[in-house]
Amino acid sequence: MFPMVTEFMNYGQQTVRAARYIGQGFMITLSHANRLPVTIQYPYEKLITSERFRGRIHFEFDKCIACEVCVRVCPIDLPVVDWKLETDIRKKRLLNYSIDFGICIFCGNCVEYCPTNCLSMTEEYELSTYDRHELNYNQIALGRLPMSIIDDYTIRTILNLPERKT
């Protein structure tokens with residue numbers, strides 16, 4: 001055959017193949033148009049976190065025995081535990097406990113290994129501030145329970161997320 005005719009046939013085949021690929025991509029786009037939106041309007045709508053969510057740490061001062069297990073298991077040695085040895089009863093007395101959430105990686109090791117369960121993870125994740133020194137929480141700030149998202153009437157909570165089809 002003539003070289004010009006074979007080039008024209010190859011060009012036609014490439015055009016048909018390109019149109020097929022464009023059509024396949026367009027069909028995928030149309031299949032996604034039927035789904036519910038995944039994004040939420042954050043300050044006005046909030047997701048309810050799972051029970052395994054690792055948020056801000058809650059601390060109960062009365063349960064702590066100042067054993068410093070939380071400091072030893074922390075990958076960055078973050079919790080600061082100040083204690084005094086009571087010589088008459090031979091026990092440690094906790095003076096101060098603080099965590100800097102600007103440095104904390106929320107790994108949960110301190111909560112998992114605490115022998116008295118004085119540490120727990122809350123559902124609070126809004127820790128933003130303009131001054132990073134405000135992220136250093138002492139035992140009083142750590143002892144405050146966060147307001148539950150469910151109980152806040154100003155925020156619409158989203159209970160069920162649309163499930164993704166894979």
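For all residues, glycine too, the Cβ spot is worked out from N, Cα and C.
What Swiss-Prot says about this one:
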- 55-84: domain '4Fe-4S ferredoxin-type 1' (DOMAIN)
- Cys64, Cys67, Cys70, Cys114: [4Fe-4S] cluster 1 binding site (BINDING)
- Cys74, Cys104, Cys107, Cys110: [4Fe-4S] cluster 2 binding site (BINDING)
- 95-124: domain '4Fe-4S ferredoxin-type 2' (DOMAIN)
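Shown on the structure are the features that Swiss-Prot records.
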residue : record                          : Cβ within 10 Å
Cys64   : [4Fe-4S] cluster 1 binding site : 20
Cys67   : [4Fe-4S] cluster 1 binding site : 17
Cys70   : [4Fe-4S] cluster 1 binding site : 25
Cys74   : [4Fe-4S] cluster 2 binding site : 18
Cys104  : [4Fe-4S] cluster 2 binding site : 19
Cys107  : [4Fe-4S] cluster 2 binding site : 14
Cys110  : [4Fe-4S] cluster 2 binding site : 22
Cys114  : [4Fe-4S] cluster 1 binding site : 20
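A straight line from the CA of Cys114 ([4Fe-4S] cluster 1 binding site) to the CA of Cys74 ([4Fe-4S] cluster 2 binding site) spans 11 Å. For the domain '4Fe-4S ferredoxin-type 2' (95-124), the mean pLDDT of the prediction comes to 94. Note: the domain '4Fe-4S ferredoxin-type 2' (95-124) comprises 5 helix, 9 strand, 16 coil (DSSP; helix = H, G, I, strand = E, B). The separation of Cys70 ([4Fe-4S] cluster 1 binding site) from Cys104 ([4Fe-4S] cluster 2 binding site), Cα to Cα, is 12 Å. Distance from the CA of Cys70 ([4Fe-4S] cluster 1 binding site) to the CA of Cys107 ([4Fe-4S] cluster 2 binding site) is 12 Å. A gap of 12 Å separates the Cα atoms of Cys67 ([4Fe-4S] cluster 1 binding site) and Cys110 ([4Fe-4S] cluster 2 binding site). Through the fold, the domain '4Fe-4S ferredoxin-type 1' (55-84) approaches residues 49, 91-101, 103-107, 109-125, 127, 137, 139, 142-143, 145-146 of its own chain, all at least 6 residues removed from its boundaries and within a Cβ separation under 8 Å. On a Cα basis, Cys64 ([4Fe-4S] cluster 1 binding site) lies 12 Å away from Cys110 ([4Fe-4S] cluster 2 binding site). Surrounding the centroid of the Cβ atoms of Cys64, Cys67, Cys70, Cys114, where the record places [4Fe-4S] cluster 1, the chain contributes additional residues within 8 Å, namely Ile65, Ala66, Glu68, Val69, Val81, Cys110, Pro115, Thr116, Cys118, Leu119. Under DSSP, Cys67 ([4Fe-4S] cluster 1 binding site) is assigned to coil, being neither helix nor strand in the three-state scheme.
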